[in-house]
């Protein structure tokens with residue numbers, strides 16, 4: 001059957017010059033590497049723990065079936081059919097939708113800036129892991145070398161290394177501080193690595209992806225095996241997956257499950273469209289979409305087990321030290337012999353003393369040592385990677401080796417995601433033919449990486465962490481939801497579901513089932529519209545604030561809640577809608593161009609009549 005419906009496919013500059021994947025595994029690993037990123041390690045486990053353990057999987061799976069996989073299939077199919085990047089695809093479907101492609105490129109650019117900054121921090125920790133003891137294992141001496149740094153003693157060794165020795169963070173976002181040379185050097189190194197990997201597009205990333213996509217699974221397996229042998233691992237896993245069905249009544253659980261699926265699969269960035277455009281026309285993109293989506297979700301679960309087995313060990317270790325401190329207080333206060341109270345006997349001894357001498361026990365101000373409280377001290381994002389997990393590694397035998405493995409895994413995870421981000425930017429630019437044919441792809445790629453590096457230097461300032469949080473919270477989420485909605489509506493109603501189904505028949509040999517057609521036409525658009533409204537409501541009701549690391553704060557080392565200054569709030573709002581403004585902007589330009597063409601045609605039609613009238 002000949003694929004003659006829809007817009008004609010377009011190669012890289014036309015014809016048969018468009019690059020192709022060396023093999024199917026290379027393509028699958030590239031998509032998996034783009035989808036499986038840092039969020040699978042440091043966000044999904046946190047959400048699972050926060051929202052009722054195993055109960056969170058219910059809304060997560062519902063969102064996967066009715067939102068994630070259908071949208072993912074649309075992106076792979078439309079990219080493979082039209083063989084163009086995001087700008088070319090949506091311009092071909094309708095010139096009025098060209099802004100969707102430009103918006104995707106803009107979001108990918110903004111995300112690349114701060115995503116590779118996270119890799120900068122990871123690289124800094126990775127390089128510092130090749131020493132024993134680890135530099136975040138103890139407090140440094142003060143200036144007079146007569147004691148330890150007060151800030152470190154007031155907080156913790158891992159927090160001090162993160163906030164002071166890595167970020168050297170300011171106490172307010174308005175205080176920019178200076179560029180940190182060590183971070184600038186690591187940022188340059190990170191972008192150099194990205195450039196060397198993406199220098200020739202899929203020809204170079206296709207080679208690197210074998211390592212960057214598979215190495216994290218090896219490390220996760222090593223951590224899982226080691227974690228399960230540590231004391232407290234079972235308690236950590238039980239705490240993680242014990243279901244709390246009552247929490248499903250909270251609408252925020254369903255919103256976070258839907259958005260986690262959405263961002264975890266890297267939908268609406270344009271990277272999957274670009275990757276699919278290098279596929280052969282008869283590739284089974286339906287099977288690819290289901291396979292990659294399931295691998296991504298299973299990776300999240302696998303990572304959760306590995307992470308919480310180690311965090312369970314950390315909680316058990318902290319719980320034991322808490323008991324030891326209380327036991328020491330009891331021994332000193334009641335003149336018990338040394339080592340006369342074991343951890344196992346502590347509860348019974350304390351109960352007896354509370355019954356016989358409650359006043360003396362009350363004066364000791366003993367800590368409340370409950371294992372659940374220590375298991376609750378989890379975090380997502382950088383808090384998990386650079387504080388919670390680094391502290392857990394300190395307690396493991398051979399800590400430097402585990403630190404090297406952990407941060408090496410994070411770097412390769414982020415690097416494979418950066419391949420997709422850069423492909424989202426470079427492929428559409430190449431398709432648009434913005435540069436002369438004499439200019440090699442390597443030069444355009446180098447210019448793109450250089451622009452990203454220069455733009456990201458602001459994140460190496462002492463206030464850079466605050467700005468990274470601004471970009472992370474406001475640059476991508478709302479825009480991606482808007483673009484995903486326009487993508488599925490554009491395919492189902494503008495391109496036409498019948499025409500799209502015919503294209504899929506050409507590519508896969510069979511027509512999409514009722515499930516696909518219903519989700520594309522009804523379920524996914526409605527679900528995305530609901531997510532959009534709910535997300536807007538959350539943004540409106542959530543104060544525009546941040547948590548500052550302020551040593552002068554009365555409750556330090558707790559972080560101080562501060563409201564963003566007015567100019568930063570304006571930046572947040574601008575980031576929320578700036579990429580999406582391409583959509584009405586391009587549509588308006590196309591409408592005006594069409595109106596001008598119509599006026600020109602009308603004028604040309606009238607001109608001969610006027611000339612004929614003048615001749616008579």
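Think of each number as a place in line: the chain as shown, counted from 1.
The backbone N, Cα and C atoms fix where each Cβ goes, glycine too.
Keep in mind that TrEMBL annotations are predicted by a computer and have not been checked by a curator.
Remember, it's a predicted structure, so these values are computed and weren't measured experimentally.
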Could you check which of 243-260, 261-278, 315-332, 333-350 is flagged in TrEMBL as transmembrane segment? 261-278
Expected hit for transmembrane segment in TrEMBL across 161-181, 182-202 is 182-202
Of the ranges 136-157, 290-311, 356-377, which one does TrEMBL flag as transmembrane segment? 290-311
In the same chain, who gets a Cβ under 8 Å from the transmembrane segment (214-241) while lying at least 6 residues past its ends? 29, 36, 45, 48-49, 53-54, 299, 302-317, 319, 371-372, 375, 396, 402, 405-406, 408-409, 412-413
Near the transmembrane segment (57-78), which residues from the same chain, at least 6 beyond its ends, have a CB less than 8 A from one of its CBs? 31, 48, 89, 93, 248, 253-254, 257-258, 260-262, 264-265, 267-268, 272-273, 276, 285-286, 288-290, 292-293, 297, 484, 487-488, 491, 495, 500, 503-504, 507, 516, 519-520, 523-524, 527-528, 531
Per the Cβ filter (under 8 Å) with a sequence gap of at least 6 from its ends, the transmembrane segment (474-497) is approached by 6, 70-71, 74-75, 78, 90, 93-94, 97, 100, 103-104, 107, 110-111, 114, 259, 262-263, 267-269, 517, 520-521, 524-525, 528-529, 531-532, 535-536, 539, 572-573, 575-580, 583
Neighbour tally for residue 35 (Na(+) binding site), based on other Cβ positions within 10 Å of its Cβ: 27
Using a Cβ-Cβ cut-off under 8 angstroms and a sequence gap of six or more, which residues of the chain neighbour residue 33 (Na(+) binding site)? 209, 212, 213, 416, 417, 419, 420
Beyond the site residues 33, 35, 36, 40, 264, 296, 413, 417: chain residues whose C-beta lies within 8 Å of the centroid, for Na(+): 32, 34, 37, 39, 266, 299, 416
Determine which recorded stretch among 27-45, 261-278, 518-544 has the most C-beta pairs below 8 angstroms with the transmembrane segment (564-593). 518-544
Output the single range from 27-45, 261-278, 402-422 maximising the number of Cβ pairs under 8 Å to the transmembrane segment (290-311). 27-45
